[in-house]
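Novice: Shown below is the structure under consideration.
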Amino acid sequence: MSKKKETKYIFVTGGVLSSLGKGIASASIATLLKKAGLKVSILKADPYINVDPGTMSPFEHGEVFVTDDGAETDLDLGHYERFLDENLSQNNNFTTGKVYSSVIEKERKGEYLGKTIQVIPHIVNEIVERIKKAGEGNDVLIVEIGGTVGDIEGLPFLEAIRAMRVELGRFDTINVHLTLVPYIKAAGELKTKPTQHSVGELRRIGISPDMIICRSEMPLNRELKDKIASSCGVEKRCVIESPDSRSIYKIPLLFLQQDVLTPISEMLNLGELKVDMSEWDSLVKRVIAPTNSVKIAFVGKYLDLKESYKSLTEALIHAGANLDTRVEIKWCDSERIHEDNVEEHLKNIDGILVAGGFGSRGVEGKMEAIKYARINNIPYLGICLGMQLAMIEFAKNILKIEDANSAEFNVDTKNPIIYLIDEFIDNSGKKQIRTRKSPLGGTMRLGGYNCNIKKDSLLSKAYGGAKTVRERHRHRYEANPKYREQFEQKGLIVSGESDGLIEAIELKNHPFFIGVQFHPEFTSRLTNPNPIIVSFIDAALKNIR
Ligand code: GLN
């Protein structure tokens with residue numbers, strides 16, 4: 001009988017405050033381990049109560065990242081995929097809400113045989129089971145615990161990792177704790193006290209860190225690192241610094257320079273780990289100091305919240321690194337763009353991008369920008385809502401359908417260029433019914449779908465002649481095939497389809513005007529950029545006048 005592969009666990013916790021970059025630190029360690037030849041996966045365990053981030057406002061939570069299997073997940077999963085170049089799944093992210101829902105469901109079914117259901121053991125066991133499930137088949141699973149040590153809702157998660165450490169013992173788990181080492185300007189000093197307090201808090205729960213990663217805006221000298229090591233009870237070589245960097249993709253390289261893999265490998269008994277980061281290194285050089293540069297107008301709302309477009313801005317960086325080009329983004333608030341000032345906003349721009357979005361706010365301005373790109377032969381990429389609006393603009397101004405609209409903005413529109421279909425097959429093969437009256441709640445088309453590409457189209461060129469590609473969706477509305485013939489007669493053709501659904505459109509007689517119903521940014525990785533986004537940036541480069 002073959003022995004089941006033992007998974008090693010690296011638990012990553014955070015202290016002092018949030019937004020220190022735990023996700024990037026976790027993804028960086030994962031990347032180094034993968035490059036060393038190990039099978040690595042990552043899990044984000046989020047202590048908040050929402051069942052998933054799907055319904056959370058971008059003001060609350062930044063972007064909702066969509067996995068290939070259609071889960072709406074935390075934006076950190078996006079970082080993991082972009083670093084690791086692996087598809088993750090719904091098993092790679094769970095929240096307190098998910099944990100409680102399944103425990104309550106089991107309780108209702110009588111699976112606990114009438115026992116009193118408690119946080120310890122039932123909730124904690126459920127968390128442990130989910131962690132183990134995500135670890136199955138991997139050499140190493142990195143488990144990032146969301147939030148900060150000391151948060152009330154984080155306690156069951158920390159108890160779960162404490163219990164796993166006891167159960168699995170030495171060589172199978174380590175804890176990496178990320179903290180802030182603030183620089184106090186007035187004193188001209190870096191301060192270690194918050195780190196000591198945070199480790200003290202972790203200890204109180206029964207977890208001693210094995211490695212401490214220190215975020216700081218200044219380099220840490222040896223003396224300071226040694227002080228952290230002795231006061232927090234970790235080995236000196238296990239105090240790693242994570243300074244502010246010009247690119248998040250530089251972090252794995254900075255960790256490697258500090259020889260982070262040696263103690264990890266020794267503590268987890270992983271054997272000698274050799275990594276080749278030369279390809280990564282040269283991409284990072286081209287992210288930081290590329291030869292060329294292009295200016296892309298990003299026309300949208302929520303521009304004060306760039307985090308909600310994280311995957312897209314990262315995808316632009318990936319495409320840029322690939323083309324040795326800096327992609328400079330000019331953020332254009334669509335609510336301020338009107339017919340009489342569109343030129344002012346968009347002159348000297350090499351490409352125009354309208355990204356996904358919900359609701360009617362700002363759509364007029366977006367359509368002005370699209371019209372400007374169409375008429376002036378400026379490369380245009382419309383993503384999801386950006387494709388839908390390109391079709392509405394064309395219907396209004398070229399097909400002369402004056403009241404052309406989306407059912408999202410006017411349910412009773414006489415000309416729903418974009419409409420709500422009644423039913424569709426989701427990516428697990430289940431039939432989903434959506435009704436006009438209740439378009440909300442679990443009725444979005446989510447996750448990866450195959451798209452068949454029209455031969456000799458711009459899209460086909462972008463994908464290097466591929467006949468079928470797989471891209472991810474997150475939307476409710478669809479382009480209405482009723483108008484297809486009219487569009488095609490006037491030069492706006494359908495270049496991507498799946499099961500009769502219109503997935504991509506493009507303009508004939510335009511250097512680059514593509515709209516896609518899916519989100520190409522979700523599949524873009526530093527070492528494997530999305531082809532449409534690369535060809536959009538390439539077209540923008542060629543357009544430099
Ligand atoms: N609001 C549109 C829809 O639901 C587009 C969504 C999006 O851009 N992600 O279909």
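Heads up, the Cβ atoms here are built off N, Cα and C, so glycines get one too.
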Novice: Check TrEMBL: it lists Gly357, Leu385, Gly386, Met387, Gln388, Glu408 as binding L-glutamine. Then name which of Arg286, Arg476, Arg484 it lists for that same site.
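Specialist: TrEMBL lists Gly357, Leu385, Gly386, Met387, Gln388, Glu408 binding L-glutamine, and from Arg286, Arg476, Arg484 it also lists Arg476.
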Novice: Pick the one from Asp68, Asp69, Asp74, Asp76 that TrEMBL also lists for the ATP site with Ser19, Leu20, Gly21, Lys22, Gly23, Ile24.
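Specialist: For the ATP site that includes Ser19, Leu20, Gly21, Lys22, Gly23, Ile24, TrEMBL also lists Asp76.
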Novice: Per-residue pLDDT averaged over the region 'Amidoligase domain' (1-270) comes to what?
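Specialist: Averaged over the region 'Amidoligase domain' (1-270), per-residue pLDDT gives 92.
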Novice: Take the C-alpha atoms of Arg476 (L-glutamine binding site) and Pro194 (UTP binding site) and report the distance between them in angstrom, rounded.
Specialist: 46
Novice: Under 6 Å from ligand 1 by Cβ, which binding-site residues from Thr192, Leu385, Gly386, Met387, Glu408?
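Specialist: Once distances to ligand 1 are taken from each Cβ, Leu385, Glu408 fall under 6 Å.
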Novice: Please state how far apart, in Å and to a whole number, the two most distant Cα atoms are among Gly357, Leu385, Gly386, Met387, Gln388, Glu408, Arg476, the recorded L-glutamine-binding residues.
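Specialist: Largest Cα to Cα distance for the L-glutamine-binding set is 14 Å.
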Novice: Can you tell me how many other Cβ atoms are located within 10 Å of the Cβ belonging to Lys227 (UTP binding site)?
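Specialist: For Lys227 (UTP binding site), the count of other Cβ atoms within 10 Å is 16.
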Novice: Determine, for the L-glutamine site, the additional residues of the same chain whose CB lies within 8 Å of the mean position of the CB atoms of Gly357, Leu385, Gly386, Met387, Gln388, Glu408, Arg476; present them in sequence order.
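Specialist: My list of surrounding residues reads Gly356, Phe358, Cys384, Leu389, Ser406, Ile418, His475, Tyr477.
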Novice: If you compare CA-to-CA distances from Thr192 (UTP binding site) to each of the binding-site residues Gly357, Leu385, Gly386, Gln388, which comes out shortest?
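Specialist: For Thr192 (UTP binding site), the closest Cα among Gly357, Leu385, Gly386, Gln388 is found at Gly357.
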Novice: May I ask which residues of the same chain, at least 6 positions away in sequence, place their Cβ under 8 angstroms from the Cβ of Gln388 (L-glutamine binding site)?
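Specialist: Listed in sequence order: Gly382, Ser406, Ile417, Ile418, Tyr477, Ala479, Gly515, Gln517.
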